Structures are given as structure tokens and as C-alpha cells.
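Novice: Sharing a structure with you now.
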């Protein structure tokens with residue numbers, strides 16, 4: 001149905017209706033805008049929630065990453081962050097595809113509506129003006145007719161009156177004729193304008209107004225259609241993110257399914273295992289033997305026994321479940337470990353009382369000047385001495401791995417810059433070779449610093465392991481009687497003890513001197529010069545050929561020998577190794 005034919009007389013109502021339609025469009029635009037703001041705020045809150053529970057950048061983060069449930073929760077937080085991103089996508093699409101588009105369309109709609117109603121008012125004013133002019137012609141014709149009728153009646157009265165002169169009668173007749181002529185002219189004007197008005201009125205109500213109303217109808221239908229399209233887009237914007245939202249939820253489900261309780265339980269063992277053996281049985285101390293002592297026993301022996309008993313009592317207090325998280329459990333009692341003669345590569349020795357650890361460490365430090373004491377190592381290297389042996393070994397090895405990775409990165413950069421410099425030398429137009437030198441110098445210094453630090457960690461690792469292994473073999477705990485970890489004290493203060501020259505127990509050096517007889521497993525050629533300032537390392541010149549006695553075990557160092565008495569470690573990346581086919585490498589400490 002057409003507005004022009006059905007609503008030709010409802011101009012004012014159509015004006016109100018179209019205005020209401022535009023206001024409704026603005027109302028829907030405001031609704032979508034508020035929905036977009038809700039999505040933005042929701043996404044922001046979800047992101048803040050995900051960020052709030054992200055692991056902090058500290059040592060605890062490394063511990064949490066070991067467990068599957070922590071990794072699963074982290075994956076859930078990451079998926080939740082992506083989930084928030086999809087709500088941001090909804091808000092952005094609502095803004096770009098609906099709000100911005102509707103704002104532009106509303107302005108166009110207002111302009112179009114204003115134009116149509118302007119044309120309608122103009123046509124309405126014209127027809128009203130024509131109607132007024134027609135009414136004026138009609139009233140003039142009516143007035144002229146009345147005047148002609150009165151003039152004709154006056155003429156008839158004058159003509160019938162015998163007392164009126166002929167001149168007066170003629171004058172009345174002429175007046176009546178004139179009025180009659182004027183009435184005839186008014187009639188013709190009225191008839192002509194009436195015909196014109198009817199034509200204009202017909203055009204107004206059947207052509208002009210219907211066309212204007214049809215445009216208004218088309219405009220209104222387009223507005224409604226646009227509103228429907230926007231509502232559909234509103235739903236599609238939400239529907240488009242559902243697959244990705246589903247993937248986020250699938251990722252959360254997958255993360256939850258990746259939790260492995262058994263693996264996490266094993267990780268607890270790996271994280272907190274100290275490497276010590278559980279305490280053995282406590283030996284029976286027969287105090288009744290003191291009653292049977294003879295008078296020949298000297299006070300010196302009695303005092304010595306008293307000291308030994310007090311020491312044994314203090315050792316008996318060392319248990320694994322001490323109330324200090326940073327103190328490792330004690331070493332196993334003497335009864336639970338093999339005697340020194342049972343240790344591999346240890347020369348035979350007669351059965352005798354164990355020599356104090358201070359004497360053995362004193363001999364060890366005196367006979368092996370290349371092995372640093374623990375305090376000197378701690379000056380430049382964090383040796384993780386507060387950790388038990390197993391955890392300390394992992395920390396030192398991890399630090400070595402990180403340093404070796406950094407060294408490799410710096411070497412890769414150096415190689416790349418060296419190639420670039422060669423290209424510049426061959427093709428000067430591509431660049432200045434001297435411009436690369438500062439960076440090469442900086443990288444060389446970085447490599448030297450990293451290698452120096454790696455050497456310190458390597459010496460620390462090997463020294464720590466050697467002292468820990470020796471302490472376990474000699475059945476002497478690296479813990480104080482109150483459960484505190486005093487490895488540093490054992491390695492320094494006890495070294496000050498006097499050496500027992502009468503002892504026939506093999507020296508600690510004997511266990512490590514056997515390493516000098518390690519077999520040769522190949523050769524290596526020095527690719528770069530190495531100064532070897534640190535203890536445990538050996539200097540070499542570029543192109544020098546050395547014997548390999550222990551290959552790289554993943555720490556970035558190779559053990560080599562120049563002659564029978566001169567050996568040490570060199571960086572693996574500095575040499576080209578040629579191993580023998582059937583050679584067996586030497587055993588490492590770790």
C-alpha cells in the first residue's frame with residue numbers, strides 16, 4: 001500500500017512518524033554503544049584478572065614451572081587472556097560495523113527527511129495560495145453579480161417611473177449594462193482560475209504529494225531495513241568469535257587434562273632431594289664400661305673419651321626433620337657408610353680409627369694448590385652453598401648451561417660480524433670495515449667475561465662435588481650439631497687443624513691423583529688462543545695440538561693434557577676435537 005494514495009491528507013502525522021523512526025534508530029545506536037562499552041570493560045576486567053594471577057618474575061616462578069598443575073593454570077590464564085581479547089573484538093566490531101555506520105546513516109536520514117518535508121510544505125503552500133486566489137475570484141464574481149442585479153433593478157424602476165426624465169433613464173440603463181459587463185468579466189475570470197486551480201489541485205494530490213510521500217515511504221522502509229541489518233550484524237559479531245572462544249575453552253580443558261599428579265609427585269622428589277642417605281642405627285654406648293676402667297688409665301684418655309662421647313651425642317641430634325627450611329639433613333652416620341678401604345681406587349689401608357676430617361682436609365688443601373677453598377670461590381661466584389648437594393649440583397649445572405648458551409650467542413654474533421666485515425673489505429662500497437671493529441671488540445670482551453664466569457662456576461661445581469663426595473666417603477657430615485649447614489666452616493676453620501703425621505690412612509689427594517693417569521682418548525687442535533688464567537684451566541696457543549683425556553660432558557669444557565704433568569680444562573668451542581674410534585672417555589665427577 002502506498003502512502004501517497006492512502007495517506008494523502010496525513011502530512012502532519014507522517015512528519016511525526018518519520019521523526020519518531022529516526023529517534024528510534026538513535027535509541028538502538030545508543031543501545032549498541034552501551035553494549036560495546038560493557039564488552040570493553042568486561043575484557044579489561046578479564047585481562048586484569050589474568051594478569052593478577054600470572055606468576056611473578058622471581059625464583060618462585062621457576063619452581064612453579066616444574067609442576068604440571070602450575071603449568072596448566074598458567075595455560076588457563078593465557079587462554080583466559082585470549083578469551084578477553086575476543087570480547088575486545090566484539091566491542092571493536094560493534095563500534096566499526098554498527099555504531100559508526102548508524103551514526104553516519106542517521107545524519108543522512110535526517111537530511112533526506114528534511115528535504116522531502118521541505119518539498120511537501122512548499123507544495124502545500126502553493127496549493128493553499130491557489131485556493132485563496134480562487135476564493136478571491138469567486139467572491140469578486142459574486143460581488144459583481146450582486147452589483148449588476150441592483151443596477152438592473154434600479155434601471156427597471158427608473159424606466160417604469162413616468163416622472164423620471166429620459167436622461168436619467170438612459171443613465172440608469174448604461175449603469176446596468178456596465179455592471180452586467182463587469183459581472184460577466186468576473187465570471188470569466190473566476191471560471192478560468194477555477195479550471196486552473198482544479199488542475200493544480202489534481203496535480204498536487206495525485207502527483208506532487210504522492211511522489212513526496214513515496215520518497216518518505218522509501219526512506220522509512222530503508223531505515224527499517226537498515227535497522228534489521230544492524231540487528232543481524234549484532235548477532236553475527238557475537239557469533240564470529242564463538243569458534244575462537246571455543247578454542248580458548250578447549251585450551252583450558254586441554255590444560256586441565258595435562259595435569260599429571262604422579263609426575264608432580266616425582267618432581268617434588270627432584271626439587272627437594274638432598275642426596276644424603278637416611279640416618280643409620282644409633283650405636284649402643286655402654287656407659288657401664290667406665291666402671292671397669294683400671295687406675296692405670298690416664299686423665300688424658302678419660303678426657304678424650306669424654307670429648308668423643310659429647311661429639312657423638314651432638315651428632316645423634318641430627319635428624320632429617322629439623323625446623324629450618326634452609327638447612328639440609330645431616331650426612332648418614334658412620335655405621336651406614338662403607339669404610340674408606342671400600343671406596344673405589346682407594347689404596348689398601350689397615351683397619352684403624354678414622355682420622356678427623358680437619359687433618360684430611362688440611363692435607364688435601366696443602367697437596368692440591370690448584371683447588372680453591374670454598375671461601376675464595378664464593379667471592380666471585382654464587383655457589384648455592386645454602387642448598388643440599390643434589391640441589392646445589394642442579395643449580396650450578398643450570399647456571400653453567402645458561403652461561404654456555406650466552407657464550408654461544410655472542411660467538412654467533414661475532415661470526416656474523418666477521419663475515420660482514422669480510423664482505424665490506426671485499427666490497428668497500430657496501431660499508432666501512434672499521435665500523436664493525438667496536439662491536440667486535442665489545443663482543444670479544446663479553447665472551448671473555450662469560451667464559452671467565454663459566455670457568456669459575458665449573459671449578460666451583462667440581463670442587464663442591466669433590467668435597468661432598470669425600471665428606472660422604474669419610475662419614476663426616478657437612479652439618480653442625482644443631483642442624484645448620486656449615487660446609488664453609490668445615491672447609492676453612494677445620495683446615496686449620498694440625499696434621500697427624502703418624503696417621504697411615506691414605507691422604508685425600510690419592511683419590512684425585514689417580515686422575516693423572518687418565519688414558520688419552522684423542523687429540524684436539526686449538527682454533528683460538530686461550531690464556532687460561534683461572535685455576536683448573538690450561539693455556540694454549542692457536543694451532544697447538546693437545547691430548548684429550550676427558551671429553552665435554554655438556555658443560556662446555558674439555559679436559560686436555562700437554563705432557564705428563566700439565567693438564568687442565570679448555571673451552572670446547574676453542575678446539576677441534578679428534579676422538580679415537582675405540583677410546584673410552586674418562587669418568588667425570590657428575
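Using N, Cα and C of the backbone, Cβ positions are placed for all residues, glycine too.
Straight from TrEMBL, here's the annotation block:
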type	residues	note
COILED	131-175	coiled coil
COILED	393-460	coiled coil
COMPBIAS	485-506	compositional bias 'Polar residues'
DOMAIN	1-264	domain 'F-BAR'
DOMAIN	386-463	domain 'REM-1'
DOMAIN	519-580	domain 'SH3'
REGION	293-356	region 'Disordered'
REGION	485-514	region 'Disordered'
Novice: So what pLDDT does the domain 'F-BAR' (1-264) average out to?
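Specialist: Residues in the domain 'F-BAR' (1-264) carry a mean pLDDT of 91 in this prediction.
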Novice: May I ask for the residues of the chain that lie six or more residues beyond the coiled coil (131-175) and have a Cβ under 8 Å from a Cβ within it?
Specialist: 182-183, 185-187, 189-190, 193-194, 197, 201
Novice: Run through the domain 'SH3' (519-580) and tell me, per DSSP, how many residues are helix, strand and coil.
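Specialist: Secondary-structure composition of the domain 'SH3' (519-580): 3 helix, 29 strand, 30 coil.
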